[in-house]
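> Heads up, here are the entries from TrEMBL:
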TRANSMEM  51-69  transmembrane segment
TRANSMEM  81-100  transmembrane segment
DOMAIN    262-457  domain 'Glycosyltransferase 2-like'
TRANSMEM  428-457  transmembrane segment
TRANSMEM  463-481  transmembrane segment
REGION    542-573  region 'Disordered'
TRANSMEM  576-595  transmembrane segment
Amino acid sequence: MARWWGREATRGASGTPVVVKMESPEWAISEGTSPPAAGGKAGRGKNARQITFHGFLRAFLLVSVLLLAADAAAHAQGWHLVVPDLLAVEGLFAAAYAAWVRVRLDYLAPGLQFLANACVVLFLIQSADRLILCLGCFWIKLKGIKPVPKGGAGGKGSDDVEAGGEFPMVLVQIPMCNEKEVYQQSIGAVCNLDWPRSNFLVQVLDDSDDAATSALIKEEVEKWQREGVRILYRHRVIRDGYKAGNLKSAMNCSYVKDYEFVVIFDADFQPQADFLKRTVPHFKGNEDVGLVQARWSFVNKDENLLTRLQNINLCFHFEVEQQVNGVFLNFFGFNGTAGVWRIKALEDSGGWMERTTVEDMDIAVRAHLKGWKFLYINDVECQCELPESYEAYRKQQHRWHSGPMQLFRLCFVDIIKSKIGIWKKFNLIFLFFLLRKLILPFYSFTLFCIILPMTMFVPEAELPAWIVCYIPATMSLLNILPAPKSFPFIVPYLLFENTMSVTKFNAMISGLFQLGSAYEWVVTKKSGRSSEGDLVSLVEKQPKQQRVGSAPSLDSLAKEESRPKTNSKKKKHNRIYQKELALSFLLLTAAARSLLSVQGIHFYFLLFQGVSFLVVGLDLIGEQVE
């Protein structure tokens, strides 16, 4: 049966993202926040397993409140001073509390301590991996190691350079879907790339189902065509496979055979003019290199606390993880954009597949199994946007953490059967998938959000202070080193990462067991915050002879900027996140219980972590939803 796309959303005046669902006998993908179905009884995106998870948290919270009340009453009677034989004490409460103490000592404490020790071991393994990555990054900086092209485009890159020669044929793809806030800046930046026009072709791959947005994008493409840029507009009626299907369809065009490399930029990415000159030369003389990945930078990293915390994570990802894996292993996960692929490598690896929500990681793993090498260029940056609302960020992280588990299920046998070396198989299975994609969200949630609160109510099982405080603080410090200006946010970063563990754990479980929410795909809402400022500055800074197709749209935008703007504010509201609120009350209850055991560090950690969950649960971090 063929997969098909249909729309399941309403678009209001506030610009609510369109919801798109990809359906097949096996799975479905939705885009945007699902609205209630007719009658309000369905369409909430919840399945039985999600409801069970919510019920578990509520039950856990209720039991913790009851246990707190019981322990407080027991302490008031002085029963906490020793372990008394409560059978000698008369009363129903004394008998019930005695039974609870016996169950706690004989059954709960040993099992809980075993789980705590197991999570501690996983925590230490993951911390060791993080430390080794940091040491590898330090070694790279110390030795000045970085990819150097054996031969590059030595010409000036002007329009009069003849086709071929030092400038290979490059295909540039811009996939987009209903992203009217950013389409103009991305198309403008790509069309201004410093590369002979006869040697590169731009494909604008528009999957928008909003007619007005499609018309605007098509009009922008036609403007650049009139200015002599080789640019094509493609719009699919049957949007099969979402982004992977969009890219796959574009690669099936007959003219693709004339090109050697393909570059992908998502709709909010703005490459510098010299992007191709600094990336494509790395392929020359390296016939086994299939991918050159550039770094992301963020135009709105200082917009609010949420974007600052995201910036810390992604700076570590690019500066440490991608760079170390690229230098020492020649393999890393393709970031889906701001990368240059050798078309031969894509074809040899089977091309784009729609089987998961992480098509970028999918193609990277398959290319690695075929023996292709990857290069990461840390000093080539491409600007983009970070999600500014918690709702958008949460949906993005759900896809990023459920997709790898889907992929692991699908490619595990292929990894075992592949001809790559034992060490590469170990790296893929244990480090790339299990440790960094499964174990990390698993222990983060279970250790700090479940086991730690439980040890407050079962004090016979213990978590040492160095696990609760010192090692997490050290790991946070290592994470923040690539973004030293973010050092004042180290405490909020530590707390927020633990808060996000509930979303990442839920996503990981969904992907691993193929639950309904595993295939949820949300197009991240773009603010277009950088569009106007960047384009206007481009008009002001560029010499007239370099403005090539940008003049019509940019000049009009500059004039528009000079006009007085009407004050039309859109209404925003806070969402309520039930799981985060339930965990907040659970942790605060556990913090109150820790006072009875006089556990100082545990109390402060639980208190601040509970407040962090409360802030996120009330949607008080980042921009509110329009």
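Note: Cβ is positioned from N, Cα and C throughout, glycine not excepted.
Nobody curates TrEMBL annotations by hand; they come from automatic prediction.
Distances, neighbours, how buried they are, the whole picture for these features please.
Packing against the transmembrane segment (51-69) from elsewhere in the chain are residues 450, 453, 457, 506, 578-579, 582-583, 585-586, 589-590, 592-593: each is 6 or more residues past its ends and has a CB under 8 Å from a CB in it.
When Cβ-Cβ distances below 8 Å are used as the criterion, the transmembrane segment (428-457) is approached by residues 60, 64, 67-68, 71, 112, 115-116, 119-120, 122-123, 125-126, 129, 333, 365, 368, 401, 404-405, 407-408, 412, 415, 463, 467-468, 497-498, 501-502, 504-505, 507-508, 512, 583, 586-587, 589-591, 593-594, 597, 599, 602, 605-606, 609 of the same chain, each at least six residues removed from its ends.
Sequence-distant contacts of the transmembrane segment (463-481) (same chain, at least 6 residues past either end, Cβ-Cβ under 8 Å): 116, 120, 123-124, 127, 130-131, 134, 312-313, 316, 447-448, 451-452, 455, 487, 489-490, 493-494, 497, 601-602, 605.
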> Restricting to the same chain and to residues at least six past its boundaries, which positions have a Cβ under 8 Å from a Cβ of the transmembrane segment (576-595)?
53-54, 57-58, 60-61, 64-65, 67-68, 71, 390, 394, 449, 452-454, 456-457, 499, 502, 506, 602-603, 606-607, 609-614, 616-619
> Calculate the per-residue pLDDT averaged over the domain 'Glycosyltransferase 2-like' (262-457) and state the result as an integer.
96
